[in-house]
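Novice: These came from TrEMBL, pasted as-is:
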{"type": "DOMAIN", "residues": "B:40-149", "note": "domain 'TRNA-binding'"}
{"type": "DOMAIN", "residues": "B:403-479", "note": "domain 'B5'"}
{"type": "BINDING", "residues": "B:Asp457, B:Asp463, B:Glu466, B:Glu467", "note": "Mg(2+) binding site"}
{"type": "DOMAIN", "residues": "B:713-802", "note": "domain 'FDX-ACB'"}
Amino acid sequence: MSTATADRIAQLRAEGEAAVASAASTTDLEEIRVRFLGRKAELPNLLRDVGKLPPEERGPVGKGANQARQALQAAVDSRQAELEATELESKLAADIVDVTLPGTPVTPAGHLHILTATRREIEDVFVGLGFSVVEGPEIDLAYYNFDALNHDVHHPARSEADTFYVADDVVLRTQTSPMQVRQMELQAPPLYIIVPGRVYRPDNDATHTPQFHQVEGLAVDEDLTLGDLQGTLLAFARAIFGDDREVRLRPHFFPFTEPSVELDVSCFNCKQGFLRDGSRCPLCKGTAWIEILGAGMVDPNLYGYVEGYDPDKHQGFAWGMGIERIAFLKHRVPDLRMFFENDLRLLEQFG
Amino acid sequence: MRLPLFWLTDYVDPGMEASKLANRLAMTGTEVDRVHAHGVTALENFVVGRVLEREQHPDADRLSVCQVAIGEGDVATIVCGAPNVAAGQTVGVALPGSVMPDGTKLKKAKLRGIPSNGMILAEDEVSIGMDHAGIMVLDDDLTPGTPLADVLPISTDVLELEITPNRPDCLSVYGVAREVHAATGQPLAPAPWATDPGTPGPIEGVTIEVEDPEFCPRFTARLFEDVTIGPSPRWLKARLMAAGQRPINNVVDITNYAMLLTGQPLHAFDFDLVAGGRLKVRRAGEGEKMLTLDDAERTLDGSMHLIEDGDGPTSIAGIMGGQRSEVQPTTTRVLMEAANWNGPTLQRTSQKLGLRTEASGRFEKGLAPEQAMEGQIVATQLMLELTGARLVDGTIDIGGEGPAPVTLRLRDEKVTRLLGTQVPIREQADILEALEFGVHDAGDGLDVTVPAFRRNDVTREVDLIEEVARLWGLEKLPATIPGHGMSARLTTEQRLRRRAADALVGAGFSEAIGWSFQAPELARKLRIDLPAVKLRNPLSEDLSVMRTTLLGSLLNSVRHNTARGTEDVRLFEEGSVYFDRPHGRTPTAAEARSTPLPDERMHLAALLTGRLHPASWGESNPPTADFFAAKGVLETVLGALRVPFTVVRGSDPFLHPGRAARVLIGGEDAGWLGELHPGVTEEFDLGRVAGFELDLSAVLPHANVAPLYEDLTSFPAIRQDLAFWVPADRTASELVEVVKGAGGKLLKDVSVFDVYAHEGRTSLAVRLEFRAGDRTLTDEEIAPQREKVVKAVASKLEGELRG
C-alpha cells in the first residue's frame, strides 16, 4: 500500500472521529455520518474501489479502510446514543405540568352502612368462637315470637301497643329470639348459633325506632354454665370495645331465660365514671359501666317446645343485643332515626 | 317505683349511703333508674323557730312582720304572708342560704320596705304536703334553733326503682325492705301487719257476694264507724309526697299509704252510700255503662267485672271506683275493701277501656291473695289511729289465702352445674332464708318452701338457683369459654351476599338501610300493584304497608340526599321485601296450623343519579348515570359473584319504556334493570335515575363459587375484528348469539366494541377471540370459522360484512 493511501485513510479516520465528537445534535451527527460513511463518501469509495488496485495493495488497503470505517461507525453509534439521551432529557425538561393540580378523579369507593359494618364485626367475632350465623323470617308467627319463648298468653309485650300485628297469630317479630325455637326444631344439640336481623316495635323517638336490628345468640349443649355465658360475652366485649374491657353480669328478668342477667361492659370513654377534666362521663353517666345486652341461661321450659332437647340433660345460654346500640356506643350517632335516613354525609363517615 | 329512704329505714337500715345501696340493689336484681334528692337542701339553714311578736305590716294588709327566735338567742325579722301566723307559734323557718325543692336559693329580701331575713314555712314549700293556705304550726315543746330536719322529713334520698314484672312483691316499701335485708344482711323489722287489731267473722249489716271466684280469688272488707274526715298528719303526708302521691284526706291517704307499704291496693267506700249495705262482684253485661271517679262514662262488655251495690255498679273491679260511693268530707262510715283480682283478665279489661290506674298496674302483675289481708291490717291500724274511727266487729274474707306453699328440692350438684362454680350449701341456705324461703337440709341439697309473695315467680329448681346466684354475687362467677370444639363459618349464601355488597362498595356505591314499612301511596307513585302485607296496627298511615320492592325506600333515600345538595348519588340496599302470597317453603309444624306467613325475599337493589365520577379540571362534564351505567354496575356485581346473565327488553311500569330490561339468570327472571320513568322520578323530584333490583334467591344459586382451572396462558389467543351491517331491529345480543353459534369450539369469546346507526341499519363491530389449549393458532387455521360466522350472520340476521 502506498504511503499516501495509508495516510489518507488515517486522515479520514481522524477527521471523521473529530467531527463525530464535535457533533452537537443528532441532525449534525447524521450529516457527519453521510459525509464520512455515506454512499458518496471517500472512505466507502476506497473500499468499493479496492478491486481496482494492484493485487499486492488490495489486502492492506482493504483491511485498513475497513478498520477505519468500523471505528468511525462505532464512534457514530456511541455518539448517537449520547446525543439521543441528552436530547430526550432536554425535551422532558421542557414538558412541565403543574404537579399541584388535583388528580383525575376515579369513582370513589362507597361505604357499607354503619349497621352492616357493625353487624359483620359482631358476626365475625362469634364465628370465631364457633357460632354459626342463621337468619329467619321477619314476619313470623306469634307462636315463635311469644308462645314458644315462654310468654304467657297475657304477656303485655303481646299487646298491640308493643307489637305490630299482621293477623291474630302473625306479627312483625319483636326480637330475633323466634329463631331460637325455629333452629332448635331443625337441629339437635349441640347448637351454637347467632341470629342477626331486623326486628320491629311500635316506638318512634330519638332512642327508639319502629325497626331496629338485633343479634341473638344461643348455645345449647350438655354442660354449659353461666360462667361460660360470661366468658363468651367477655370475649365478644373485648373484641368489639377493646382488649382491656371488663364485663359484669347483673341479675334481671326475661321470660325465656332463668337465671336472667344484663351484661355491662366497663366504660371505654372514661376512668371510673369521670372524664379527664373531672366532669361526669356522659356515656356511662358516671357509673363506669355501660349496659350492652340482656342474656341468661335458657329457661328449661323452652326445651319443652322442641324434640330432642331434654331439660334434665341439656343446658344452654342465650343473649340478645341491639346492633344500633353497639353502633351508637362505638360511634356516638346521637339519634337512632339517623341510621335510616341514609344521608351520604353520615354514611361516608363509617363502613 | 319511688322509694323514699327515710321510709325504708322504718324497716331496715341499709347502713350505707344511697348511691351504694342503689349499686348493691342493682347487682342483686333490683334496677335503680336513678337516685334523687326529695325536698330541700342546705339543711343547716332550716331550723325550728318561735314567733315572738307579730305586727301588721305598715304598707301591706296581707303581710305580717314577725320577730322569730331562731336559737342561741338570735331573733330574725321575717315578713310573712300567711293568714294564720301568730305570736307564740312554733314554726319551721328557712334562713337565707336555704335551697328550696325547686332549686332556688333563699336570699335576704325587702318586702314593701321592710327587710326580711328568712321565711316561715308552709307544708308545700318543703314538699311534705300540698297545703299552702297557711304556715305549719309545730309542737310547742320544740326548742328554737333545733335543725328542722330532725323534726320533719324535709329532705330524703329517693330511689327510683325499676321493678321487673316477675316481682310485684317489690312494688312496696316492705317488699324492697326484704330485698335490702337479703342484699345487705342488715336486720329486718317485723312486718307492719304483724299485729291485727281486727277480729274475724261476719260484719252485721254488710253483705258481700263474689260471683266469679276465678276472677276474684279473695275479697276482704272491714267497716269503720265514727270516722272523721280530715287532713292526714304531717309524717304520713310527707311519706306520700316523697313517694310521689298527692295527699287528699286521711281516709284516702290511708289507702294509698297501705298500698305503698304492702303493695296491696285498697278502696274506701262511704258505707252510707253503698245501697243496701251490700256489694256484689259480677261480670258486666254487654254494653253496660257506668260513671267512674274520673267523671267519665265507661261502656263495659261481658269480659269485664264490676262491683255493684243495691242500686247498681259502683266500681270497675280492681281498676277504678265509681263516684256514687266515693268518700266525702261528711263521710262517717267507711267500708274498706282489699281484694285480689286475676291479673291477666284485669289487664285485658284495662287495655280495652284504655284505663290504667295505679291499682290496675299492680293487680295485672299478679298479687298474692295473702297481700289483701296485709293491706287490710295496715289500713285498720291507721284508721283507728288517725281518723277517730271505731272498728265494727268482724272481717269479711271471701276466698281466703292462696294455695298452700310448695316445697322444691334444690340439688347442690345442679347449682354447680348451672353456674359453673360451687356455692357453699350453707350460703345457699342463708340466702334463701334471708329471702323468707323455708329451708331444710335434704340428702343432695336443700328442701325449700316458697313464701306466698313469691308463689308465681319461683316454681322450679332453676328459679331457686337464680335466687341463690343473684344474692351470692354474679361477680364471683368465672369467665370461661365453652370447650365445644365446634367450628363455624358463614354459609355460602352469606359470603356471596357480603361479596355482592363489597363489589358495590368498590364500584362507588354506599349502602342504605330503608324502612321496611311504607305508605300505600308509594306503590301508586311507582305504578305497581303487588300483593302487599298490611299492618293491622301501624304507627301511622305512612308506615302501614310492608314494602314489595326496595325501589321506593331507595328513591326516598336518593331524594333525601339530592334535596340536601348532594347531586351525585349512588346507593344500594340489601334487604327483605314481603309479598302477601304463599312462600313455597316447607311449613314447620306450627306454620302448618297457623295463618300462612307471607313470602319474604332478600333483594339487592342499586340506584344512581348524577355524574358517575366527580368533575375535574381535566373533565368538566363527566358522564352521567344512564341505562348503561346501571348495566355496568350490574355486570360488576354479577361478575364478582361469577353469575352469568343475559338481559331482555322489559316493560316494568316504573321504567323508561325504551330503557327497560329484565335480567335473566339461568334462563329465569331475576329482576329489573333500567332507567326510571321520568313520570316516576318527577314524583320524587329527581332527574335521571338508573338502577336495578335483583331477587337474590334467583341469583346466588347460580354463582360459580369453586371455578375449575382453565388454561389461558400457555398459548396465546388470536383476535379477529368483524363489523356487520344489520337491520336496526336486531340486537347486539342476537348478533353475539349467532356469532357464538357459528364460530366453532375454538371461539372462546365474542364482545361488541363498536355500534353505529346509519340509514335504518346498525353497524355492530365484534371482537372474536379464538384459542386452543394445545397449540398456537394461525390466521389460516381460523379462516374457515370466520367464513362460517359471516355466512351465519348473513343468513340468520340479514347482516352483511362491512367493507
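Cβ from N, Cα, C; glycine included.
Curation does not apply to TrEMBL; its annotations are automatic.
Model, not experiment: these values are computed from the prediction.
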Novice: Let's check the environment of B:Asp457 (Mg(2+) binding site): how many other CB atoms sit within 10 Å of its CB?
Specialist: 18
Novice: Which one of these binding-site residues, B:Asp463, B:Glu466, B:Glu467, has the sparsest Cβ neighbourhood, judged by other Cβ atoms within 10 angstroms?
Specialist: B:Asp463
Novice: Do you know the mean pLDDT across the domain 'B5' (B:403-479)?
Specialist: 95
Novice: Indicate whether B:Asp457 (Mg(2+) binding site) is helix, strand or coil by DSSP.
Specialist: coil
Novice: Could you give the number of helix, strand and coil residues in the domain 'B5' (B:403-479) as assigned by DSSP?
Specialist: 36 helix, 15 strand, 26 coil
Novice: Sort the residues of the domain 'FDX-ACB' (B:713-802) into helix, strand and coil with DSSP and give the three counts.
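Specialist: In the domain 'FDX-ACB' (B:713-802), the DSSP-based counts are 30 helix, 34 strand, 26 coil.
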Novice: What is the number of residues in the domain 'TRNA-binding' (B:40-149) that are helix, strand and coil, as DSSP sees it?
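Specialist: When I sort the residues of the domain 'TRNA-binding' (B:40-149) into the three classes, I find 9 helix, 41 strand, 60 coil.
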